[in-house]
Amino acid sequence: MFYQIMRSFLFMLNPEKAHDFSIKQLKLTQGTALDFIYRQRVQQRPVQVMGLTFPNSVGLAAGLDKNGECIDAFGAMGFGHIEVGTVTPVAQPGNESPRMFRVLESDGIINRMGFNNEGVENLIKNVKESNFKGVIGINIGKNFSTPVEQGKEDYLLCMDKVYPYADYIAVNISSPNTPGLRSLQYGDALNELLAALKIRQAELQVKYNKYVPIALKIAPDLSDQEIVSIAKSLLEYKIDGLIATNTTLDRDMVKGMSHAGEAGGLSGRPLQNKSTAVIAKFAAQLKGEIPIIGVGGIDNVIAAKEKIQAGASLVQIYSGFIYHGPQLVKNIVNNI
């Protein structure tokens with residue numbers, strides 16, 4: 001009920017202002033007596049994925065808490081894991097505003113943020129200050145100014161920095177808002193990146209005496225042939241997990257709706273069926289050897305169950321959380 005009232009206020013603001021206001025309030029209240037506003041008990045339903053024990057199967061997708069400022073607040077809402085980022089080696093402003101739009105008719109969101117973040121050092125400071133007892137994933141990307149051909153170096157630099165503080169590392173090569181980034185999903189470019197990441201992972205495992213799994217985050221806009229090729233590479237390089245999927249460039253499901261013509265990635269309910277279909281296709285190729293984290297359009301228990309049935313071991317929410325609030329976390333955790 002409280003969130004419904006809060007939402008009516010937030011939705012009077014433009015989406016990015018609403019986001020920034022929310023982050024600011026959560027940051028102020030987390031760890032204080034005021035966190036009763038959003039703190040809730042959820043059932044303990046531990047699940048083992050990527051060699052980690054997750055308190056439950058519902059996580060916060062990357063992009064909502066880019067700089068890791070509100071980890072404890074989101075933890076208080078019952079998330080079993082929180083994926084912060086996407087973070088880049090150095091701070092960058094992202095694309096020009098306006099860059100986030102609500103597709104209200106279908107509970108969708110279009111964004112072209114462009115990896116706006118305060119840089120990896122700032123994120124690490126926030127992660128170190130967190131008291132969250134669940135799993136923290138750190139989602140890494142490349143800077144806008146780094147040529148795609150040299151993108152591998154940005155990922156390795158971020159990996160070096162975050163490795164001691166992450167429970168898992170998510171490698172984002174699928175945002176549609178950084179020019180050329182999605183080209184890293186294919187062929188030799190993907191194989192070179194995965195090979196370099198695995199070599200560095202082995203070196204860092206020795207250095208820190210701990211193994212931090214790597215999960216690759218992919219786009220939903222893939223042909224069947226591309227899915228087969230990516231799955232083959234994941235298996236060949238023994239990548240620890242797959243996050244499926246990021247936002248879509250497809251607009252078929254929101255034709256004629258508000259802001260449908262805006263450039264950027266579409267998320268929320270319109271993405272549900274497309275992302276679930278991609279998960280099912282990857283599951284058929286990976287045959288249980290690599291776990292899948294399902295994300296895209298989950299805004300109710302049924303949608304979450306569909307992701308699990310398609311082959312996901314965990315689910316993440318973002319847009320559904322914007323539209324439905326913390327109660328969505330509790331509903332899914334307790335009923336999935």
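From the backbone N, Cα and C atoms, a Cβ is placed for every residue, glycine too.
As given in Swiss-Prot:
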- Ala62, Gly63, Leu64, Asp65, Lys66, Thr86, Asn139, Asn172, Lys217, Thr245, Gly268, Gly297, Tyr318, Ser319: FMN binding site (BINDING)
- Lys66, Asn111, Arg112, Met113, Gly114, Phe115, Asn172, Asn177, Asn246, Thr247: substrate binding site (BINDING)
- Ser175: active site, nucleophile (ACT_SITE)
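For Asn246 (substrate binding site), the spatially nearest entry among the binding-site residues Ala62, Leu64, Asn139 is Ala62, judged by CA separation. For the recorded site, Arg112 (substrate binding site), the DSSP three-state label reads coil. Within 10 Å of Gly114 (substrate binding site), counting CA to CA, the binding-site residues Leu64, Asn139, Lys217 contribute nothing. Taking the mean position of the Cβ atoms of Lys66, Asn111, Arg112, Met113, Gly114, Phe115, Asn172, Asn177, Asn246, Thr247 as the substrate site, the remaining same-chain residues with a Cβ inside 8 Å of that point are Gly63, Thr86, Gly94, Ser175, Pro176, Thr178, Gly264, Gly265. The Cβ of Ser175 (active site, nucleophile) has 25 neighbouring Cβ atoms from other residues within 10 Å, across all protein chains displayed.
In this structure the C-alpha atoms belonging to Ala62 (FMN binding site) and Arg112 (substrate binding site) are separated by 14 Å. If you check the recorded positions Arg112, Asn172, Ser175 against Gly268 (FMN binding site), none has a Cα inside 10 Å of its Cα. Using a 10 angstroms CA-CA radius around Asn172 (substrate binding site), none of the binding-site residues in Leu64, Lys66, Tyr318 qualify. The Cβ of Gly268 (FMN binding site) has 25 other Cβ atoms within 10 Å, all protein chains considered. Shown are the binding-site residues Lys217, Tyr318; the one with the most C-beta atoms within 10 angstroms of its own C-beta is Lys217.
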